[in-house]
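Copied over from Swiss-Prot, here are the features:
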type	residues	note
DOMAIN	64-359	domain 'Protein kinase'
BINDING	ILE70, GLY71, SER72, GLY73, ALA74, GLN75, GLY76, ILE77, VAL78, LYS93	ATP binding site
ACT_SITE	ASP189	active site, proton acceptor
MOD_RES	THR221	phosphothreonine
MOD_RES	TYR223	phosphotyrosine
REGION	405-464	region 'Disordered'
COMPBIAS	423-432	compositional bias 'Low complexity'
COMPBIAS	433-454	compositional bias 'Polar residues'
LIPID	CYS462	S-palmitoyl cysteine
LIPID	CYS463	S-palmitoyl cysteine
Amino acid sequence: MSLHFLYYCSEPTLDVKIAFCQGFDKQVDVSYIAKHYNMSKSKVDNQFYSVEVGDSTFTVLKRYQNLKPIGSGAQGIVCAAYDAVLDRNVAIKKLSRPFQNQTHAKRAYRELVLMKCVNHKNIISLLNVFTPQKTLEEFQDVYLVMELMDANLCQVIQMELDHERMSYLLYQMLCGIKHLHSAGIIHRDLKPSNIVVKSDCTLKILDFGLARTAGTSFMMTPYVVTRYYRAPEVILGMGYKENVDIWSVGCIMGEMVRHKILFPGRDYIDQWNKVIEQLGTPCPEFMKKLQPTVRNYVENRPKYAGLTFPKLFPDSLFPADSEHNKLKASQARDLLSKMLVIDPAKRISVDDALQHPYINVWYDPAEVEAPPPQIYDKQLDEREHTIEEWKELIYKEVMNSEEKTKNGVVKGQPSPSGAAVNSSESLPPSSSVNDISSMSTDQTLASDTDSSLEASAGPLGCCR
């Protein structure tokens, strides 16, 4: 189906048919909703029931009905469900064995804290969090409730996007990243399966299980993101800062243009070779920044001149130029050339990317300059605790959220007429989601990803 731009420099739309999960950003009075739907607060807040979902048992509040599995990963299982209180479809993620070890427990705590703090239209936020257990001693399950979205970027990448849609999707990615960076949060796991969209072209970034608050130490484990989207400084163990996420955006943008992964390495060595074959061997100045053993290996690899960006991304790969004089192949290619830079010191920043001509046609100060999230646990990534201590911290977070819900305020709102997901309709029988904490594209290696259900998408088009 051919795509066309509905309104000149208005927000474009997508016609997508897959359900995915994301977050809410509004508030609504629980007591009002409970009254509206003839539900008492006790029924809304306190009654649970159990249902078998695949190989797992979900014990959820009775407000959540018609559970259907839509994804699984190392950190949990995701179900689609109907929320009778908010009168809309939602996604429920059950964390998988969050207290199995210190790493799992710390990751669960970090994900929960960051999701509760972040509040931006292009980033996931929690609608609800609960546990069926009533005491700390019994506590073992954590459920996160989020909005159900229409598709992830894996499906969208395979479509023929015009410049308006491509530019607008990239703009929203950058807005979300800037919001995280404003609080010193590095995402580190940006990839198509962790970015979701609605048919109105709204985009949201998923997953904070691997996000990190920026601190004094940047020498972190390199195994933090699906290999194909890992920045060179991660591959080479150099340590990294915020613009590590910009490389990932560049890889995603390049994949939108080529409809295939840019650097599909089998391992770190092959990944590095794929990068330098296309972009060229970096200069001696960059080599000096490497650790001696890594530098010795890199300097002894064959030298590549690399290809020019017009050869890497010729005009024939891009859609026809837009009527807008900034949305054309030459500008898109220029942005790619600034993001896909091996040396992070020379790579474009998120602020400069938002000001790039291919992106700034959408610039809205309210979206770009939104107040940074208030991370109340400043030592989030420096904390070290026993499993029992992590468990107690998570339990307190869950109890705090449940108390706020009982007091009458929860995130979310009933679906308006004409919403992207019509809650009056039944849930899709075979929808698919990439788990917001650990899932990735089909082409990744088994060591980097977990299983996901079969995904399919309808054609992209314009929704009225």
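The backbone N, Cα and C atoms fix where each Cβ goes, glycine too.
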Cβ density check for ILE70 (ATP binding site), other Cβ within 10 Å (all protein chains) comes to 29
Could you please provide the mean pLDDT value for the domain 'Protein kinase' (64-359)?
89
GLY76 (ATP binding site) has its Cβ surrounded, within 10 angstroms, by a count of other Cβ atoms equal to 27
Cα-Cα, whole number of Å: VAL78 (ATP binding site) versus ASP189 (active site, proton acceptor)?
18
